[in-house]
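**Student:** Pulled these from TrEMBL:
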- 34-41, 151-154, 188-191: ATP binding site (BINDING)
- His41: active site, proton donor (ACT_SITE)
- Gln65, Gln157: (R)-pantoate binding site (BINDING)
- Gln65: beta-alanine binding site (BINDING)
Amino acid sequence: MITVRTIQELRSQIAGMKKQISKPEVTVGFVPTMGYLHEGHASLMKQARNKTDIVVLSIFVNPIQFGPNEDFESYPRDEKRDLAVAEKEGVDIVFIPSVKEMYPQPTKTTIKVAGLTERLCGASRPGHFDGVTTVVAKLFNIVQPDFAFFGMKDAQQVAVLSQMVADLNMPVTIVPCPIMREDDGLALSSRNVYLSSEERSQALCLSRSLSLAEKASKERPDITIGELRSLVTAEIKKSPVAVIDYVEILTFPGLQPVHEEQKLTDLEDVIVALAVKFGKTRLIDNHRLQKVKVVSHV
Ligand code: AMP
């Protein structure tokens, strides 16, 4: 595994590796992260390793996707441990640029995906998605991957980036990967380290509420969106320290709101998306309620 810190070196290493592999079409798989790697990130690296010839991982805490009062400075970092995780997952190249390398001067160009970034985390974190789309577009131009792997933990990010790639004809396929959870249901996140043990146990209300939604969707397919939302909200509110930022049920991947009176049976796939604060830590989680496709075996 090679670690590189400059764009120039990254490009020359990828070109060199491509030449070494004697295949007509060598594919590059890319996993962009902010580091402090866990099993969620590892699952993306595994998928990349299975699907592509050269696996590039980036570790970059991107300042332009953090708001002024957010945790850019204190975001957890542990390069040594991250490199060990990447090595174990068979990553070929780890790209760890400095802020200066990525932004030698403040960027005058930003990418904005309208329509998908106003709700959910876009509403609570103004400018966040412009920062994400801009850095991911830069990273795509730097790495030029054939496939890029993103976790459904950040479902809105998957929807926004898929739209960006389609709109701008970027020659890369976005591969959405399932949410990895602890055994007790808590979705893995680098920010889980901020939680006190009390907050951590209270945070289990997120996955519990999503399981309730899944169960209700199977047992009562004619449940309304309003009823589903109340069910989820009530479960989260059982936790005394949980402060709800949003509990939303939207279409996926269109992220359009659905009327509270509408029945689940009348809708295509929807996503139940949550953002909830536990103390100073804001956690997100979601679950996609997928329609059971009726297959006839005639
Ligand atoms: P981050 O380092 O938080 O920016 O995340 C980098 C990538 O890892 C993103 O595509 C995330 O969606 C993905 N990711 C983070 N947590 C998880 C998880 N629990 N399961 C699957 N993917 C995840």
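Quick reminder: no glycine exception, Cβ is built from N, Cα and C everywhere.
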**Student:** Please list the binding-site residues from Met34, Tyr36, His38, Gln65 whose Cβ falls under 6 Å of any atom in ligand 1.
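**Tutor:** Listed by sequence, the hits are Met34.
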**Student:** In three-state terms from DSSP, label Gln157 ((R)-pantoate binding site) for me.
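**Tutor:** Assignment for Gln157 ((R)-pantoate binding site) reads helix.
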**Student:** For the C-alpha pair, I'd like the distance in angstrom between Tyr36 (ATP binding site) and Gln157 ((R)-pantoate binding site), rounded off.
**Tutor:** 19
**Student:** By CA-CA distance, flag whichever of Met34, His41, Gly151 among the recorded positions is nearest to Gln157 ((R)-pantoate binding site).
**Tutor:** Gly151
**Student:** Take the C-alpha atoms of Gln65 ((R)-pantoate binding site) and Ser190 (ATP binding site) and report the distance between them in angstrom, rounded.
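**Tutor:** Computed Cα spacing between Gln65 ((R)-pantoate binding site) and Ser190 (ATP binding site) is 16 Å.
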**Student:** Could you tally the C-beta atoms, other than its own, that fall within 10 angstroms of the C-beta of Lys153 (ATP binding site)?
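**Tutor:** Total other Cβ atoms inside 10 Å, all chains included: 19.
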